[in-house]
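Straight from TrEMBL, the features:
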type     : residues : note
DOMAIN   : 7-177    : domain 'Josephin'
ACT_SITE : C20      : active site
ACT_SITE : C20      : active site, nucleophile
ACT_SITE : H116     : active site, proton acceptor
ACT_SITE : H116     : active site
ACT_SITE : N131     : active site
Amino acid sequence: MNEIKRLTGIYHEVQEGSLCAQHALNNLLQREIFSAVSLADIARVLDEQENRVLGRHTGDSENMDDTGFFSIQVLQNALKVFDIELIPYASQHPVAQQARAEAQSIQAYICNLREHWLTIRRFGSQYFDLNSISTVPKLISNTYLSLYLAQLKQSGYSIFIIHGILPPCSADEKLLNNTIDPVYYRSLTARADVVDRDTRGKSTTSPGSSSSFDETEIKRAIKASVELDSSEDKALQEVLAQSLRDAHGI
């Protein structure tokens, strides 16, 4: 794994509980910006807005739960501070039509199945699957990208296009002029997978151990988007600004 990090420079968060939305965002942005706490703050603001609009008086959240799940609306609003928009891959939006015609024209995608989120992002000229369930990023060949997205869609994933300019990162700079040899890289990831399986095998036989990803935690489907007025956006921006301050230690 250290060799993969040295070779690519990619920041890759690995699954903790069901915090895959947090991991997907941080893997997309290539640094630890969002935490469960900051995303929960965004979810609470959204819940308050939805309750006012719908006249609900309930303590139940539609945007998060105690397993670490966060809704699509939370991710959408978390990315607003970066002027990044999530566009449904299957929509008739011009960017979506472009993506379906030429998947490589898009720098990154976020995908969702029930309550699992994962990021696919291009660094330099190559794409990587930054699924937090994997211990290391997985290389996706450019010719295979369209088929890979089609397979995800066939499996029930909702795919969202990252529309906007992502912050610069060291991995992008590192891989811009240093293309990874696919055969060598896959040998490294295969080795990492073996080590991970051995580690998991040992941990599952020890008393009190538990899996890092529990399928029984999947409870809700993603919810419909909500329209926010300017005053509501202000509350969200305050939460997002605090997330950025926390990330920079300010």
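Heads up, the Cβ atoms here are built off N, Cα and C, so glycines get one too.
Fair warning: this is a prediction, and the values are worked out from it, not measured in the lab.
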Message = For a quick check of packing: other C-beta atoms within 10 Å of the C-beta of C20 (active site), how many?
response = 25
Three-class DSSP secondary structure - N131 (active site) = coil
Request  = Please average pLDDT over the domain 'Josephin' (7-177) for the predicted structure.
outcome  = 92
Ask   = Roughly how many Å separate the Cα of C20 (active site) from that of H116 (active site, proton acceptor), to the nearest whole number?
value = 6
Task = Please work out the number of neighbouring Cβ atoms within 10 Å of the Cβ of the residue listed as 'active site, proton acceptor', leaving out its own Cβ.
result = 21
